[in-house]
Amino acid sequence: MLKAILSLFFFCFLESFFAMGEIAFVSAERLLIEKISKKRSAQICINFWNNPERLFTTTTLGITLSIAGNGIFTSYFLIESLGKVGIFIATFVLPFFILFFGQILPKTLGKKYSFPLVLYLATPLYIISFLFYPIYLINNALSQLLLKREEEKSPYFLTKFREVFLTMISYEEEIDQKERELMYKIMEFGRKKLSQVMIPLSKVKALPIEATVKDAIEFSSKYNFNYIPLYEEDLSHIKYIVKIQSLLGKSLFEEETPLIKFAKSPLFLPEIIPAHEALKIMQKEIQEIAIVVDEYGLVTGLVTIEDLVEEVLGEFRDALDYQEQEIQKISKDTYLVKGSIEIEKLQELGLPIPKGDYETLNGFIYGLANRIPKKGEIFYYKNLELKIEKASPHTVEEVLIKVLKKGALSPSL
């Protein structure tokens with residue numbers, strides 16, 4: 001009987017270790033780990049996140065072998081020592097015991113205490129992963145051979161559900177146009193990454209961390225924002241957010257007071273998470289604005305609750321809005337647009353600009369010119385004339401697009 005008990009606890013411990021490690025890595029905030037990336041365990045965590053197949057191969061094999069060990073050895077020792085009673089226990093009692101102590105309890109704890117646990121579990125999991133490395137290589141090779149591995153591809157059933165839903169609302173007569181557009185936007189919003197809806201860094205207005213209340217007052221009167229980001233060195237290192245409301249009444253007596261006195265640490269979100277997840281997090285944390293960072297911790301933009309809601313309900317115009325007018329219709333066939341405008345918005349106007357490895361008009365123009373164009377340069381594509389109206393050394397700011405009439409000469413690069 002002692003052998004059965006020891007076997008049970010040994011294999012349950014192994015199973016709980018792998019199950020807890022798996023859920024801890026899934027639940028832990030990567031940004032918290034990256035802040036202490038100098039630690040050996042934190043570096044291992046980041047390596048696992050960069051190569052999740054290795055982590056999940058290790059945990060899945062560990063859990064499978066632990067369950068098999070319990071099923072074989074513990075059952076054998078129970079039957080050997082208790083006979084028919086042992087058969088009953090091994091068949092009806094043991095599975096529930098293994099399920100609770102090997103899966104339910106450790107996963108609950110792993111999810112609740114994910115941040116400290118990943119640091120403790122990272123090193124032993126990393127060592128064990130070397131034992132399973134040959135199996136990982138075989139699994140990886142088979143996956144590449146048998147499966148079409150497309151990044152960010154939705155699961156098949158979700159893709160089919162989306163297709164059926166969109167087709168259904170297209171033919172539903174009782175749904176008016178506004179309702180139909182709202183449904184389309186909701187479905188599309190569910191597919192977008194935060195990087196696709198954020199305000200890019202090139203459009204972010206901010207003050208240096210040394211700024212004073214006087215600087216903030218001038219900034220607020222110029223841009224009419226509710227928040228002021230504060231940065232160290234450059235915009236890619238935004239560290240704090242100041243709420244304009246906190247400065248009310250300070251203008252007369254505290255103009256030279258450092259603005260950092262009123263600053264608060266912002267919420268940081270990775271650019272790769274889905275936009276709807278970002279909305280949930282911001283609502284949970286009660287934050288109206290968040291800083292968006294890349295995998296290296298550098299700021300790539302910011303996002304407000306309003307930006308996320310606008311993706312579904314359309315644009316609002318108020319003090320939180322960072323967006324400038326992107327399209328100005330000059331005449332029937334002429335538009336003045338921002339270089340940062342999304343290709344999809346131009347396609348909605350009927351302009352024949354194709355999609356590619358870019359998301360904005362700037363990306364399309366850079367592809368035509370193979371460089372950043374200067375003010376006054378003109379480019380042609382099909383029946384379009386694109387004239388650079390405003391540019392800086394690092395970006396194109398405004399483009400005048402003319403739709404040429406049929407038969408008009410359209411030189412090409």
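Heads up, the Cβ atoms here are built off N, Cα and C, so glycines get one too.
Those TrEMBL annotations? Automatic predictions, nothing curated.
Under the heading domain 'CNNM transmembrane', TrEMBL lists 1-179. The domain 'CBS' annotation in TrEMBL covers 262-319. Residues or ranges marked as transmembrane segment by TrEMBL: 56-78, 85-105, 117-139.
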Same-chain residues near the transmembrane segment (56-78), Cβ under 8 Å, at least 6 residues beyond its ends: 1, 3-4, 7-8, 10-12, 14-15, 17-19, 21-22, 86-87, 89-90, 94, 98, 102, 125, 128-129, 132, 135-136, 139-140
DSSP residue counts for the domain 'CBS' (262-319), split into helix, strand and coil: 20 helix, 17 strand, 21 coil
Confidence summary for the domain 'CBS' (262-319), mean pLDDT rounded: 82
